[in-house]
Amino acid sequence: MPPSPLSSGAFYQRWLGPVLANDEGLDAEQLSCTALTALGQASLRRQWPLVSTVLEGLAGDLQRRDLRLEQVLFGCRFPNPVGLAAGFDKNGVAAGLWDRFGFGFAEVGTVTWHGQPGNPRPRLFRLAQEQAALNRMGFNNDGAQALRRTLERQRLAPPGRRPAVLGINVGKSKVTALEQAPEDYASSLELLAPLADYAVINVSSPNTPGLRDLQDSSQLRRLVERLRRLPACPPLLVKIAPDLEDEAIDGIARLAFEEGLAGVIAVNTSLDRLGLEQRRLLQTGRTLAEEAGGLSGAPLRQRALEVIRRLRASAGPALTLIGVGGIDSAEIAWERITAGASLIQLYTGWIFQGPELVPRILEGLQLQLDRHGLRSIAEAVGSGLPWLPGSEDAEG
């Protein structure tokens, strides 16, 4: 079998590494769109012999199979705890491929009932030195009906029989008034439920006016109760912001338990500039303090960890947590898992470091299981066990 063009990350590091190492160069959004166009075509043609051969080579490079990394959570079998966060594959064009990149699960969206263009460009900015990004995308997507058609065209295996779990992240249409939000979410979810292993209620993006008001306990409860009345509802999780006060986090944990939610995803991007207030964007000449949008990546790491710890302390092990925000190494992944996250998601770190980040994390987790004498990754969740370094670490 010929080697994958992404073998050892050589392609990514040679061609994209120099582009991503500074804030200038190719537009960040255009780069993502170009990559997704190619991946979307590959997903539609993944049964073709040549495409299949390339994808199998890719899987050989990036997948790491180990029964110790498997978990069954809210009725879904996750082959490993590392997933692709929502926001990259907004329209689900590459849903049939993400397992080849080593992911145990992938989340498409955020999708809204009405297709919408999002906010004006430029709206996505690299902060290479800080390994971070600022975005104010505004839920740009083709809409729920288009997403269903896109997923059906890829002829995915039915839920429960896929090589990687598929989540669908649902948000509110910008044109929908806040008081009508439950019906807007319900329309999307009712249409997409047959295709989803799980669904996420996104009430935490900072880029849709008023959306974060839905994190208020009374508003969120009304929304959840409406969705749970659907004829067929997949396991529901809620994605929360890092900027919530601790009392609000506790309230969401209680609500999730009382309403029977499958879990909480923590966290979305932050309105806090996290010490980067005076960092100036080359594209606009303005500082981050002057710019709208949510911050992601390494600066978010500590707050994301604190939120996971708070949720774990509030809800205990009964509520599944998915950790996202600033995860760019096996050590950080282990820290998030031992703080209470059963699963983790990557986005900004994966963009900067490339596809090899997934196997590096998985190999690092395997080594930690060995060093701690654990039989499964589930035993590490919420354990508080430290990272044990060793000479053979996958991280070097």
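Here the Cβ of each residue, glycine as well, is placed from N, Cα and C on the backbone.
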Kindly point out which candidate in VAL54, VAL224, VAL267, VAL381 is recorded by Swiss-Prot as part of the FMN site with ALA86, GLY87, PHE88, ASP89, LYS90, THR110, ASN169, ASN202, LYS239, GLY297, GLY326, TYR347, THR348.
VAL267
Span of the substrate site, taken as the largest CA to CA distance across LYS90, ASN135, ARG136, MET137, GLY138, PHE139, ASN202, ASN207, ASN268, THR269 (Å, rounded to a whole number):
16
With an 8 Å cut-off on Cβ distance to the LYS90, ASN135, ARG136, MET137, GLY138, PHE139, ASN202, ASN207, ASN268, THR269 Cβ center, who else from the chain surrounds the substrate site?
GLY87, THR110, GLY118, SER205, PRO206, THR208, GLY294
Given the binding-site residues ARG136, GLY138, ASN202, ASN268, find the one whose Cα is closest in space to the Cα of ASN169 (FMN binding site).
ASN202
Where does SER205 (active site, nucleophile) sit in DSSP terms: helix, strand, or coil?
coil
Quick check for you: of the recorded positions ARG136, GLY138, ASN202, SER205, ASN268, which have their Cα within 10 Å of the Cα of PHE88 (FMN binding site)?
none
